[in-house]
Amino acid sequence: MNSTNERQTLVVIGNGMVGHHCVEQLVERGALAHYRIEVFSEEPLRAYDRVHLSEYFGGRDAESLALGEAGLYQTPGVTLHLGVPVLEIDRARNEVITANGCVPYDHLVLATGSYPFVPPIEGAAGDSRLVYRTLADLDTIQAAAKNARRGVVVGGGLLGLEAANALKSLGLEAHVVEFAPRLMPVQLDDNGGQALKARIEALGVSVHLSSGTQSITPGSDYRYRMNFANDEFLETDLIVFSAGIRPQDALAKACELDLGARGGIAIDSQCRTSDARIFAIGECAAWNGSIFGLVAPGYQMARSVAAQLCDAVGLSDDSAVPFLGADMSTKLKLLGVDVGSIGDAHGATAGARSYRFIDEATSTYRRLIVSADGKQALGAVLVGDNSYYDTLLQYVQNGIALPADPATLILPQGSAAPALGVDALPATATVCSCHNVSKGAICCAIDSGCSDLAALKTSTKAATGCGGCAGLLKQVFEHELSARGVAVDKSLCEHFAYTRQELYSLVRVGGIETFEDMLARHGKGHVGCDICKPAIGSILASCWNRPIQEPWLVPLQDTNDTFMANMQKNGTYSVVPRIPGGEITPDGLIAIGAVAKKYDLYTKITGGQRIDLFGAQLHELPDIWGELIAAGFETGHAYGKSTRTVKSCVGSTWCRYGVQDSVKMALFIEDRYKGLRSPHKLKFAVSGCTRECAEAQSKDVGVIATEKGWNLYVSGNGGMRPRHAELFATDLDDQTLIRYIDRFLMLYIRTADKLQRTSVWRETLEGGLDYLKAVIIDDSLGLGAELEAQMQLVVDRYECEWANALNDPEKLKRFRTFVNAKGGDPDIHFVKERGQIRPMQLDELKLISAVEVV
Amino acid sequence: MQAMAIEQQGWTVACARSDLVANSGVVAWVEGVQVALFYLPDGEQVFAVENRDPLSGANVIGRGIVGSLAGDLVVAAPLYKQHFRLQDGTCLEYPEQVLKVWPVRVSGDVVEVYLGG
């Protein structure tokens, strides 16, 4: 087919999740050597995550919802035309026609998606006819919600409940109106629907079932009145329709491609339409007459098409897997409520029998549907607790023989949970359905050297789609490691057979204050090592906050903590005085400048709004700090795994946009947590308005001012693996903000692994952000007061370590380059560059006499 | 008097006994050589090793953390964290890196190093 070297043109219409995945797959497989890819998108934004759309109102912006790397569409050979709808497909000429002109194609992929179905109802228009599908729709809803008190969603399915969540997070009184007699009629049975209704109503969302809207007229207390049958009605300020989706097949219809009986572009198992040059994938396609409204089947189609296009030019190493329908099992969290639906959830199979567990006290429901002979699981329904999902899904998908008493699979799990061992899964079992990763593929990755979960996710992409399989992936990973004789040894080191978390509890519960005591009571040997000493030194500091220069603590510290400065490559140190919130007086600047000049130190402004002074030798540190402390400075703890900086913008004091005094809050936060030692460094920031000039969303703790108070973000991270902080709580007053930060930091200190930043800690937390909110905001573990008291102890014991050391001649004895001679290390040489010193490089040393030596 | 006699045969006073820091290191300037001295009160052991870190080229070994790995007493270099055995100066991670070691003894109030005859 591709006998010439000329590249063929592949046009992709639609840049939604599925269209994007197809392009990503093509590029990954090397298709750009043979194809030029032109992507047309009606929307003005590149592909974004529609599954997590409701988080847009929770503080996520368009960029953080965007899929994949922006760089993908800058790859030569790939062109993304945003905001350019395709008007027509000319199949005779093999061209697509857009407002900007015609583009000829060799192959065409339709990934046009779907649109929300709005039933024809008299009077529905404007704010009484909103839809919930795109980011632009969300902006419209947000604008409509400005002056609204109550909002109604028409449609009690998956998307409708998502939309209700969105209305709720906009602060509206939310109602759901469903035509059917139960919620989520496709996925749930009657009992499941009832349990879900009870839970959702407990959250303050009203549910109206069996209610068909006849007409919409002006209301008396609210803007609109929805009239149902039987003279019932409901008044509201806005109405969002989420009553199902319809395939976006207009282009296909206009160019006379075959359509499915109930709409959708008809495709075969190769995802080909009735025109061999044209493929259709995702929600616009109808396979065997069915539309698949989930992302995983769409991704399957995208992969199949990408593989076929690569096959056609001799690229492929794995032949294309045909699309033969998809499992519609889903696991969701709707309005914070777990909902799961697996396989034949309605027990439609002939002879199917059910086991049911109903707990009306907590509105929890589970149903397991088994075959007539009771040997195979056919389906399941879960409401309230999805921890059963992974196991049940594997039973259904892989035809695993049921236990003698299948009911145990859905009964409340005591301490001995009858979970299906992951070893029972066959190698073909799909672990991640978004990226089609089997257990076998995971085992291969482990065999080829993936030794941690993060690397496994990167190399296989498992758990990077919807993330629903993260728990299962972790189980498979740990099981496979132990099966390979790699003991999943969680010992800190050879001296302590405990994790950092366990060591923390031992220190805390035993009131242990020294390393020797710890080693004697819980460790092995008499010495320890460079792993356990700093780790336990850090735990002791987090718990008791004694000056780290105390003789029993000194040998535990890394050199940076021992000498309270940062060792640089040539053995000299850098010094960072604390500049709280980045606010400094001219006199302060002059004092730092004078010290830098006197000791000839290289100076550089840091990313945390302070000044780093480089090139000090050990014996110079006390003199330098004597002068800095005399000028009013304190240690900045740049050397410690501890609170570093609180970055701030000038806020409402100076800025015309500022809505709160961000500098004042930054100063308060920095003053409170300075000197707090933790498993890893801690960075903070406070922004005075939503423009976010202090970059709080890249910090461990980020605070952003709102009209009403402060929004708190947690677990952000810059560095090697950047991570956006997540919105944790909104519109807090000062006291609540500090209380939440106290609890957050102490919980992190208590439960994180050694050298684990808050971002990674948060990602490994079972239960994720919701769990964190429950513990910190709702105090679900009853730990709140204890965490706050522990923080208060650390705060009360704060003392500048440098001031402490300077007052003690014994401690100062450590700050000598040589214990038996004055002066510095004669092997340290500097040269001048751009008006300042820098370490001499090895190749310059040979020319030592020829360069300017300081 | 005996000590004096041996000193003439190559033992040199490095520092005062009180200059040593328990379970940690200090550095002495001994006849133009930088000697890192580590003191472990458990068993009253003192070790003298070269202060120059062969990996970084910086004189920093004396500022490393003392530990025990698989029965050997070691110091972790503070910049790149490789481990050297205090007993013989061999590196656990890179066999080509070796620190010089010298005999050392505590003699009354002073610490003495035997740099060679």
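Quick reminder: no glycine exception, Cβ is built from N, Cα and C everywhere.
Confidence annotation: the domain 'FAD/NAD(P)-binding' (A:10-289) carries a mean pLDDT of 91 in the model. What TrEMBL lists as domain 'FAD/NAD(P)-binding' is A:10-289.
Secondary structure of the domain 'NADH-rubredoxin oxidoreductase C-terminal' (A:329-399) per DSSP (helix as H, G, I; strand as E, B; remaining residues coil): 13 helix, 33 strand, 25 coil. Marked as domain 'NADH-rubredoxin oxidoreductase C-terminal' by TrEMBL: A:329-399.
In terms of DSSP secondary structure, the domain 'BFD-like [2Fe-2S]-binding' (A:431-478) contains 26 helix, 4 strand, 18 coil. The domain 'BFD-like [2Fe-2S]-binding' annotation in TrEMBL covers A:431-478.
Annotation comment: TrEMBL describes A:568-630 as domain 'Nitrite/Sulfite reductase ferredoxin-like'.
Note: the domain 'Nitrite/sulphite reductase 4Fe-4S' (A:640-761) comprises 40 helix, 33 strand, 49 coil (DSSP; helix = H, G, I, strand = E, B). Marked as domain 'Nitrite/sulphite reductase 4Fe-4S' by TrEMBL: A:640-761.
Summarising the annotation, TrEMBL assigns [4Fe-4S] cluster binding site to A:CYS649, A:CYS655, A:CYS689, A:CYS693. Listed in sequence order, A:CYS649, A:SER687 are the same-chain residues six or more apart from A:CYS693 ([4Fe-4S] cluster binding site) with CB atoms under 8 A from its CB.
The feature siroheme binding site is assigned by TrEMBL to A:CYS693.
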Per-residue Cβ crowding (10 Å cut-off), top of binding-site residues A:CYS649, A:CYS655, A:CYS689: A:CYS649
For the domain 'Nitrite/Sulfite reductase ferredoxin-like' (A:568-630), residues assigned helix / strand / coil by DSSP: 29 helix, 14 strand, 20 coil
Remaining residues near the recorded [4Fe-4S] cluster site, that is with C-beta within 8 Å of the centroid of the site residues A:CYS649, A:CYS655, A:CYS689, A:CYS693: A:VAL650, A:GLY651, A:TYR657, A:GLY658, A:SER662, A:SER687, A:GLY688, A:ARG691, A:GLU692, A:ALA694
